[in-house]
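The annotation ATP binding site is assigned in Swiss-Prot to S18, G19, G20, A21, D22, S23 on the grounds of sequence analysis.
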Amino acid sequence: MLVAAAVAPRQRLCVAFSGGADSTTLLHLLARLRPRFGFDLCAAHVHHALSPNADAWLDFCARQCAALDVAFHPFREQVARDHPAGLEAAAREVRHAALSRVTCDWLVFGHHQDDQAETLLFRLLRGAGVRGAAAMAAIEPGFPGRLRPLLGVRRADIRAFAQAASLEWIEDESNADPRHARNFLRHHVFPLFGEAFPGAVPALARASGHFREADGLLGDLAALDYAACGGSPWLRDRLLMLSDERVRNLLRWRIRQMGCEAPARARLVEAVRQLRATHAPLYLPLGTAACCTYRDRLWLEPQRDGAPEQPLPWRQEPALCWGAGVVRFEPVTGAGIGRGALQRAMDVALVPRWPGLMLRQDSGRPLRSFKNLCQEAGIPAWLRPRLPVLRVDGEAAWIGEIGVAAEFRCGPGEAGLLLVWQR
C-alpha cells in the first residue's frame, strides 16, 4: 500500500496510536519498513480523560515510541459527556480534531477488515446512502492523506501476529461495553453472523468497496451534469430538465465540493420540489449550504451570517469584516471613492441598508431607490438585507454589488479607494 500511495522518502507518516493491538502492530510494522522506504515516522496519542487508566496508557505509548525511536505527540483533551450524538461520537470528534493538528503528509490508521464490516453495518442501520455505505478507503489522498494498511486484514490475524512477535499492547475496557452501538454489533451481532455466514465479514467489506465504486460513478455523473448545466451559476431551466434523482445527486456533489456537509435526502427532495414548483427567487437552506435562484440562474453557496446590526466605523483600516465576509478598501488612482472626501468626513461607517435609502449612480441622473437599484443589478430579494452600505456623514457613498454614488466618485488622477465586498 505504501507503494500504491506513492509514499516518498522524507515524507512524514503519523500513526494514530491508541496503544491497542491494532495500532501497536501497525507502528511496529512501519518502524521495520522505515529504512526501506525512507519516510519519517511519528505517532500521536489522544488522552481522552475518560478512563482511570488514561494516564497509564499515555505512558505506555510514550515508552513504545521511545523503544522504536519514533517521535511521540501526546494530546490531552476533554470530551463533552453531554454530546447530543453520544459519548462515542464526542470522543471521535475530539480525536479527529487533535490528529488534524499534527504536521504530516499521511495519517496512518490501524483499521482492519472487521472494522470495515462493522462500519458498513452500523451506517446501513442508520439509513446511510451510497457515500456512507462506502465506509473507509484504504488510501485517501489529501493534506494530510489517510492510509489504512490493515484494512484487508482480519482482527484475529492481527492479534495472532502481535502475539507471535511478542508485542505488548493495552486493552481499553470501554471496548467491552455493549451500551456503545459498535461494541454491541461487535460482541453480539457479528458472532451470530459468523455462525450462520462464515464469510460475512469479508463479504461486507467487499460490499463497501462496491459502494465506493458506485459513489465514484455518481460523482462522475454529477461532474458531467455540472458542465452541461453551464457551470456555476447553473442555467435553471437546463438543470430542471434532469430527473429529480440527478438534480439531487448534483446538489449533493456540489455541496460536498464546497466543503459543506450534505443534507438529508428528505431536505433535498423538498428543495427539488420547490425548485420545480415556482420560478420566483428562492433561498433554500440545505444544512450548512443554501440553494439560491434568481431569474434564470441557480447556484449554491455556504450559509452565511446576516449583516451586522450595529454600524462598523471605518478608521482607515484596509478591511472591515462584514457578516461572514469582508469589505476591502484598496488604494487606486482615478477610480472608486475619492479618498479626500472620506478624509474630510466626520462619520464614515459600514452599515446595513436603511428605510428610504437612495443613491445617484451618475451625475445628472435622479436619485434611485435601493429596491430599484437592486432590481437593475439583478440582486435577489433575500440577498439585499446583507448588502454593506458605506455611509459618509449620513449619505450613502457606496453599496455592495451596486457601486459608488456619483457625488463621491473619484476624479481622474485623484487618489481613490476601491471597495470590494468578498462574500
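Note that Cβ sites are derived from N, Cα and C of the backbone, with glycine treated the same way.
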*What other residues of this chain sit with their CB within 8 A of the center of the CB atoms of S18, G19, G20, A21, D22, S23, the recorded ATP site?*
F17, T24, T25, L26, G110, W169, I170
*Which site among G19, G20 has the most other CB atoms no more than 10 Å from its CB, taking these as binding-site residues?*
G19
_With every protein chain in view, what's the tally of Cβ atoms within 10 Å of the Cβ of S23 (ATP binding site), excluding that atom itself?_
24
*Where does G20 (ATP binding site) sit in the DSSP three-state scheme?*
coil
